[in-house]
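Visitor: Pasting a structure here, questions to come.
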Amino acid sequence: MEFLRRLKGRDTPSTASSTNADAEKRPVMVRMGIRERFRPRIILMAVFVSMGGFIFGYDTGQISGFLEMSNFLARFADTTNPKTGDPALTNSRSGTIVALLSIGTLLGALFAAPIADKFGRKPSITFWCIIFCVGVIVQIATGDKWYQVAIGRWVAGLGVGGLSVLTPMYQSETAPRYVRGALVSCYQLFITLGIFVAYCINFGTEADDSARSWKLPIGIGFIWPTIMSVGMLFMRESPRWDYRHGNIDEARGTIALSYGTAEDHPEVNREMSEIKAKLDAESACGGKHPWYEIFTGPKMAYRMLLGITLQALQQLTGANFFFYYGTSIFTSVGLSNAYVTSMILGGVNFGTTFPGLYIVERYGRRPSLIIGGLWMFMCFMVFSSLGHFALSRNDPTSTPIVGYAMIFFACLFIAGFAMTWGPIVWALVGEIYPSRYRAKCMALATASNWMWNFLISFFTPYITGIIDYRYGYIFAACCFTGALVVYLFVCESQNRTLEEIDTMYILGVNPIKSKHWQPPDGEELPSLDSTYIAPGASGNRERNEAGVPFGEKREGATEAQNGGVLEASVSWQ
């Protein structure tokens, strides 16, 4: 019982136990400053791998500008503006063009998991970059067929969806734990950079009356997957994928490179032993497991639902309400050049993501997401109230002060999103799943993100046409809900290994108190892969080393055999 209390974090391991513990199993934090933490290899990983986020951000930022360009409208419009008589797009056509990217990303995210598990993370990233380039070619080759633009965006979306799974997965499996949150969050940083760059390029080409105004920005999209594909040539395969496929020496070398230490350093030995223990446990149980164990494994339904919910709530914060339709929204506010407004929003989004990389490691995941959710709730309440009650509907230019106040609170909202929910959700989803199921779980969670991305982008024109800026109240409620979900269900994973995070969820550590939970010194961490799961079974009970199901007493058996460490701790979902 003493050990069980320590395992749940109710007691601090004694000095004696720490002294006698196996050095390879004790956390041996590498002491280093900022310069040592962000060595050239870490920076290269951040730049090249996170380019997957840039590709998504750039494609997102493009389309909001295209919908207002004169040449684009002249070629693809299906109606006219009732006020000016100029060509315009109906809500159904503009919604389809915008939203088909999200349908492609949803499918790409689902296909990415089996491909990455079979062929590896590194070659899979290059494959999805090629798919994105095919989509760019389809778009740029069109003349006057709007559906070709839509189909091209769908194909490009397949690539974006695959990269949206692989980028945070590769970062989380390869990065040192002391910079893992910041490194995975770089995916969101590059999304914001891509959006900002797209806004700037749109601003530079929108005055051109030829097809160059929109074809040139699309063509520039070839640059980013090329940079990513070339950069991945200098990266190594994920150490966890390598180890699970027999490349043990390569895995050890990659971990040592990531930490900037010798291959026999205690921190490297510790991670290697944890990876080995997981693989050995899985192999002992048959090695192969049905896909539905991502829901039936211990605490897997809880984590699966949590990841899906967090990714959905990231979209339901309403950030893409501004990014997809920013140009159109702020034209109605009366600004002379809405492209300038979009650049301002994009600049705020990009610039404020940098503090987010610090916040996620300095203050942790939970407090950052909770405070960020409440901040965005406040901003959307003010924005929506001003838009509905104070902004003139007949002539928005007659209430310029209200318009600028709305832009101000939109910037405050985007700053809060960029520092918290934007980057940190990607980090969390890359951390909470065990190695065996990480690819499949991240694919489903990310598919949730893209599904809501599609729903919001497609239906926003219809909804705003009916309830105008009151639409923001829905997003405000979702922001508040997000803060509540994090407070009640998300465990703090700051400065913990992926194996420790797995253990926290398996033991049912109280999320509210999870920051203070301490793993046991000198003992193997209980984890999903160290439980007894028969291949093809659903809901089998865990067994201890003596073969006795946990919680079941047998006459003549020792206390350890009759309950072991997990007797009162592990439960199935």
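Here, residue 1 is simply the first one shown, and the rest follow in order.
Keep in mind that glycine also has a Cβ here, set from the backbone N, Cα and C atoms.
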Visitor: State the residue range annotated as transmembrane segment by TrEMBL; the candidates are 154-170, 494-510.
Guide: 154-170
Visitor: For the feature transmembrane segment as recorded in TrEMBL, pick the matching range from 16-38, 338-360.
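Guide: Transmembrane segment, as annotated by TrEMBL, spans 338-360.
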Visitor: Please give the average pLDDT for the domain 'Major facilitator superfamily (MFS) profile' (45-494) in this predicted model.
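Guide: The average pLDDT of the model in the domain 'Major facilitator superfamily (MFS) profile' (45-494) works out to 83.
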Visitor: Hey, which of 41-58, 94-113, 154-170, 216-235, 471-490 has the most Cβ-Cβ pairs under 8 Å against the transmembrane segment (304-326)?
Guide: 471-490
Visitor: Same-chain Cβ contacts of the transmembrane segment (125-142) under 8 Å, 6 or more residues past its ends?
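Guide: Long-range Cβ neighbours of the transmembrane segment (125-142): 49, 52, 55, 104, 108, 112, 115, 119, 148-149, 151-163, 166-167, 170, 215, 218-219, 221-222, 225-226, 228-229, 232.
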Visitor: Going along the chain, which residues at least six beyond the ends of the transmembrane segment (369-391) come within the CB cut-off of under 8 Å?
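Guide: Contacts of the transmembrane segment (369-391) (Cβ under 8 Å, skipping residues fewer than 6 from its ends): 317-318, 333, 399, 402-403, 405-406, 409-410, 412-413, 416-417, 419-421, 424-425, 468-473, 475-477, 479-480, 482-484, 486-487, 490.
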Visitor: Please work out whether the transmembrane segment (216-235) lies in contact with the transmembrane segment (338-360), by counting C-beta pairs under 8 angstroms that are 6 or more apart in sequence and asking whether there are at least 3.
Guide: no
Visitor: When each of 41-58, 338-360, 471-490 is checked against the transmembrane segment (403-429) for Cβ pairs under 8 Å, which one has the most?
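Guide: Counting Cβ pairs under 8 Å, the winner is 338-360.
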